[in-house]
Amino acid sequence: MISNIIIQIGSFLLVLLACVIPLGRYMAKVYGETPPMQRVFGPIERLIYRLLGIDAKTEMNWKHYAVALLGFNGLGLLLLYGLQRIQAWLPLNPQQLPAISADSAFNTAASFVSNTNWQGYAGETTMSYLTQMLGLTVQNFVSAATGMAVLIGLIRGITRRSSSTIGNFWVDLTRSTLYILLPLALVLSLVLVSQGVVQSFNPSQTVELLQPIVNADGQTISQQTIALGPAASQIAIKQLGTNGGGFFNVNSAHPLENPTPLSNLFELLSIVVIPAALCYTFGIMVGDKRQGWAILATMTIILLGFTALAVGAEQAGNPLYQKLGVDDQASTLQAGGNMEGKETRFGIVNSALWATVTTAASNGSVNSMHDSYTPLGGLAPMVLMQLGEVIFGGVGSGLYGMLIFAIITVFVAGLMVGRTPEYLGKKIEAFEMKMAALIILIPCVTTLLITAIAVSSDAGKATVFNSGAHGFSEVLYAATSAANNNGSAFAGLGANTPFYNTWLGIAMLVSRFWLIIPTLAIAGGLANKKLIPQSAGTLPTHTPLFVGLLIGVVLIVGALTFIPALALGPIVEHLLMSL
Amino acid sequence: MNHTLPKNRSLFDRAIVGPALKAAVLKFDPRLQVRNPVMFVVFVGAIFTTGLWLHALIAGGETSPNFSLAIAGWLWLTLLFANFAEAMAEGRGKAQADTLRQSRRDVQAVKLSSAQRTSKQTTVAASALRKGDYILVSAGETIAGDGDVIEGVAAVDESAITGESAPVIRESGGDRSAVTGGTRVLSDWLVVQISANPGETFLDRMIAMVEGAKRQKTPNEIALNILLTALTIIFLMATATLLPFSIYSVSAVKALDPSSQALPITVTALVALLVCLIPTTIGGLLSAIGIAGMDRMIQANVIAMSGRAVEAAGDVDVLLLDKTGTITLGNRQATNFLPAAGVDIRELADAAQLASLADETPEGRSIVLLANEHYQIGERQAAGLDAEFVAFTAQTRMSGINIGGRQIRKGAVDAIERYLREQQSVLPSDVRANVETIARAGGTPLVVADGKRALGVIQLKDIVKGGMKERFGELRRMGIKTVMITGDNPLTAAAIAAEAGVDDFLAEATPEAKLSLIREYQAGGRLVAMTGDGTNDAPALAQADVAMAMNTGTNAAKEAGNMVDLDSNPTKLIEVVEIGKQLLMTRGALTTFSIANDIAKYFAIIPAAFASTYPVLNKLNIMGLASPESAIISAVIFNALIIVFLIPLALRGVRYRAVAAAQALRSNLLIYGLGGLIVPFIGIKLIDLLLVGLGLV
């Protein structure tokens, strides 16, 4: 059993690490002076600039950069909202789906613009093909590209000296989409199609069941509706852009969204490949690859720790079954473990691994139902989100979040070596600390507040489907997912209500943009500073010691904030279950 | 009136503890409390729980009155301990300031109508003197204000300021012209031009600094405060939202089991949890650490003009050190005799000693001693010899002796060459070669001639102070670059730099060269520290990030620097850097300790707070605390007492060693990070045992 776990997780890690260097190097070039593959992309890039009247040579200071970013995303929010509201009258709607309610449309628009991709709706029965393609898929690309642009702005802030500008938002956005996301998504879509993921404009097909069944009401059911659609193209970017919003309601647990173990591996890899490779890109751009490796090591170690927790808890099975004499242990006859809510084609390890990877990275797609996990198995994905989506995190946003944690770590640790703190040659002073404090503060406070509002209001409590501590976990999970821009759903909570649509929508927008603005402010502040040369008195930020310290800070800040809440949810549930 | 500054006060000096306790009570003023966000939360919590206690007493409340009284009481004590820490740190400065203030008693000054000593005199109070006024100070009088000597030479007792009882000479012109108000003229008289208005004098600034009266938060302190405030807000949210979470959980439990006795978490427990979680340890000690840093500077007899300067000292990565006085002993010394071909070394040594008998300069004395020590040429008494001594003059640039028909001279090579030419003789080529070798090796050659014969060369050398090489090595390990500043030629400078083990040198240094060197380093992102005493050092001092002026220096230098060394010992710059680093380390260590403490407090309070809702959470009570009440009270008591236990550490600073950053981090992390994790588990358990043992819970 153990060797099976090691092989499955190990092979995933190996392939991931193998992709890091080439992709990381490629991306570093994309944001450099002369982007690669000019013959292919150069003309398109220049055409975009010409059509939109963008002067690619103009540099922006952080405020201009932020204004451009907010304007672009604000417009995206309005367009996506409008598109959903009028989809009934637009083409490419073979199912004749009606317009979407105002609160759900707001929630979905906020969700996709903020790269959260929380889905209060069921994809195949709500969104027309046009809305999925023109609305959701477009946001899947540009919300990811926005995150990458902010990261590149921050890295420029770190590397530039005494400069007032941090780059051009339009260029960073265009290059992220055109040079990185589009080609990768194209390749991945084709791979997925090869595995059997659908890509079709045909309406849903009705087929005769081979074996008719009788349902609880005594009716014989002999037909099944199979939903179709342009799924592969959206799934590719849903994974690559850490979006996670599935084409079908059950997301990557759906056989037409994730049909085979191989498609599962590719989808799993594509969740973290860009966030992981961006660490290497960061290393190249700051001129010290060890810095990138240190960050990647930090992320990987935390992810592995929580994966071990989730796999262990799920494989251990359910003590309540064991009390009833049900054998759910691994043996030569069965794989064992808690298989409720998991697909047999993925099994315990690949389900639990997906659960932790998708919540570590701010993806949120699922290939199993987290609500059915054991309490500790469900705690792992919840805590990974509560850490602020910095363990790989969203494309771009995960790394800039982690760099903010690095700045906080350097602040405390730097004092302990007897110098005022500096990170990569830049002094960390009051302004940076103020912004970093906001970045740490906002998701924590939003998560706690939304949970508190939900459990104290009748509207919030009305759609909690489970009782006791598990019901509390469901609310906490939803608030955590929205307030950290993950989008993963625990299920068990009826979230498509005006109450949750509105509150979670607000949480997603607040956490996304109130983090981006202070991050850009830090970028601007750091760009302005002089570069302090390294010496023996400088705190090294690439050593195992620093990695350990960074892990400690990330875990302690997350843990200290959420332990009381977790104690009332998964922790007590676990203790009660094993009584 | 000879009160020297007391140094090295013991940490809990009775004279400081008493007033500090009183000051700690006065600090409960809400206007003072609100300045520290972390402790202000405790303040509000203390008021709140006191209200809950009164409510419980009168109308019956959510908890027993004894429990809320215990929590309220210990919260007030937490505040008192933090106030006490700050008052202790300030108290040490206040005691120092009181001593200083005695020398500021209003004295009478003899004001002159012009710079002439003979001009019209009027007697005025010192407080009436203004910048630019002239005063006459005679023997036995106290100088009424800061100023520059315009006329006269006098011995001045500066012990009131420096603590050094030996008088110093002050005279007009040059770098020894500055006098400080409050010091006393012992002999002769001085005409002084006042350079500072009352209230702005050096003594006033010094008192203000040591008292911390004008203390402003330093940049790093502000940044740290922001982090601590952010943590406080997070914990405030975490505890505030716990009430609705708990109410929901209670209703969920009751829905499943109507007979459950579940009760929501009490507000008292929430306040206790909040106060335990917010970083009160560092929050309560932060200002004490800052004040204590200034105080350690004062113990080292350095007056920093701002807290910012002390902090910057920790960041310094380049030290500009003047060669003379800092790296080398003030004077060169004879180290070797190199005879000319055919001359016996004893003859040279003998002649050299004779030529130096009347030479009272340290160089001259060292020649006499060298001859005595190495060649057993007994020291002869100049007075007993029938000889004529030739004194050094600026024209001849030689000195020597005429004895028994011999005319022995010693001097610089060009002076002796001229002398030999007058005697129709020349300098032998081997002597010239020796001269050049010595110069290249960083020494100063003196040639000795006896009449027409050049006997050889005396090698004079700069003597590098003992232990400096090791000191510079330590600095290098800490990542600090040392640069020697000297007026010597590059050849000599290079040799001395190599011997002293400095990283770099600036030879033939002019004030302009110094200034541009500082700017160059700063442009490269480095922080530069230097010392200086002369008026021409002022621009460089003003430019440097940490600039320590010598107290013996001119007023211009003292104005330009951001600290003044009362001992006028340039080597102290290294100590200043160490104090700065220690200050920052103490802050970081206690922050880490404070945050690490929270883990244990969770294990104490969470099971206790939800004991009625989820009794199963008692499995998290790994310390085995006796009851929910005792668990919460023990955590609160620990939280309060740890402040008291850490006061000595805050005041003394964490142990400082000159090691590289990575190593310093590792050891501090081990002590304060790991220690911070473990200590509260033990402490809370012990307090719980004690409470149970005393039958208090």
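Note that Cβ sites are derived from N, Cα and C of the backbone, with glycine treated the same way.
Curation does not apply to TrEMBL; its annotations are automatic.
From a predicted model like this one, the values you see are computed outputs, not experimental measurements.
Features reported for this protein in TrEMBL:
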type	residues	note
TRANSMEM	B:38-61	transmembrane segment
TRANSMEM	B:67-85	transmembrane segment
DOMAIN	B:117-211	domain 'P-type ATPase A'
TRANSMEM	B:222-245	transmembrane segment
TRANSMEM	B:265-289	transmembrane segment
ACT_SITE	B:D322	active site, 4-aspartylphosphate intermediate
BINDING	B:D359, B:E363, B:F392, B:T393, B:A394, B:Q395, B:T396, B:R397, B:M398, B:S399, B:K410	ATP binding site
BINDING	B:D533, B:D537	Mg(2+) binding site
TRANSMEM	B:589-611	transmembrane segment
TRANSMEM	B:631-651	transmembrane segment
TRANSMEM	B:671-696	transmembrane segment
Where B:M398 (ATP binding site) falls in three-state DSSP terms
strand
Provide the three-state secondary structure of the residue listed as 'active site, 4-aspartylphosphate intermediate' computed with DSSP.
strand
I'm a bit unsure how to read this: which one of B:38-61, B:222-245, B:589-611, B:631-651, B:671-696 has the highest number of Cβ pairs shorter than 8 Å with the transmembrane segment (B:265-289)?
B:589-611
Take the transmembrane segment (B:631-651) and find every residue of the same chain, 6 or more past its ends, with a Cβ under 8 Å from one of its Cβ atoms.
11, 67, 70-71, 74-75, 77-78, 81-82, 84-85, 88-89, 92, 269, 272-273, 275-276, 280-281, 284-285, 288-289, 292, 295, 586, 590, 593, 597, 601, 604-605, 607-609, 621, 623, 625, 679-680, 683-685, 687-688, 691, 697
If you run the three-state DSSP split on B:D359 (ATP binding site), which class comes out?
coil
Looking at the recorded positions listed here (B:D322, B:F392, B:K410), whose Cα lies nearest to that of B:D537 (Mg(2+) binding site)?
B:D322
Which whole-number mean pLDDT does the model give the domain 'P-type ATPase A' (B:117-211)?
82
So if I exclude everything within five residues of the ends of the transmembrane segment (B:67-85), which remaining residues of that chain have a CB under 8 angstroms from its CBs? That is, six or more out.
20-21, 23-25, 27-28, 33, 36, 39, 42-43, 45-46, 49-50, 52-53, 56, 61, 268, 271-272, 275, 280, 283-285, 288, 629, 632-633, 636-637, 639-641, 643-644, 647, 650-651
With DSSP helix as H/G/I and strand as E/B, how many residues of the domain 'P-type ATPase A' (B:117-211) fall in helix, strand and coil?
20 helix, 35 strand, 40 coil
Within the same chain, the residues 6 or more beyond the ends of the transmembrane segment (B:589-611) and with Cβ under 8 Å of it are 224, 227-228, 231, 242, 246, 249, 265-266, 269-270, 272-273, 276-277, 279-283, 285-286, 289, 617-623, 625, 627-629, 631-632, 634-635, 638-639, 642, 646, 649-650, 654, 668-669, 671-677, 679-681, 684
Per DSSP, to which secondary structure element type does B:K410 (ATP binding site) belong, with helix, strand and coil as the options?
strand
Is it possible to get the count of other C-beta atoms within 10 angstroms of the C-beta of B:D533 (Mg(2+) binding site)?
26
Please report, as numbers and ranges, the same-chain residues at least 6 past the borders of the transmembrane segment (B:222-245) whose CB is under 8 Å from any CB of it.
37-38, 41, 264-265, 267, 270-271, 273-274, 277-279, 282-283, 286, 587, 591, 595, 609
Could you say whether, by DSSP, B:D533 (Mg(2+) binding site) belongs to a helix, a strand or a coil region?
coil
Considering Cα atoms only, can you say which of B:D359, B:F392, B:D533 is the nearest neighbour of B:D322 (active site, 4-aspartylphosphate intermediate) among these binding-site residues?
B:D533
Roughly how many Å separate the Cα of B:K410 (ATP binding site) from that of B:D533 (Mg(2+) binding site), to the nearest whole number?
33
I'd like the Cβ neighbour count for B:T396 (ATP binding site), meaning other Cβ atoms within 10 Å of its Cβ, all protein chains included.
15
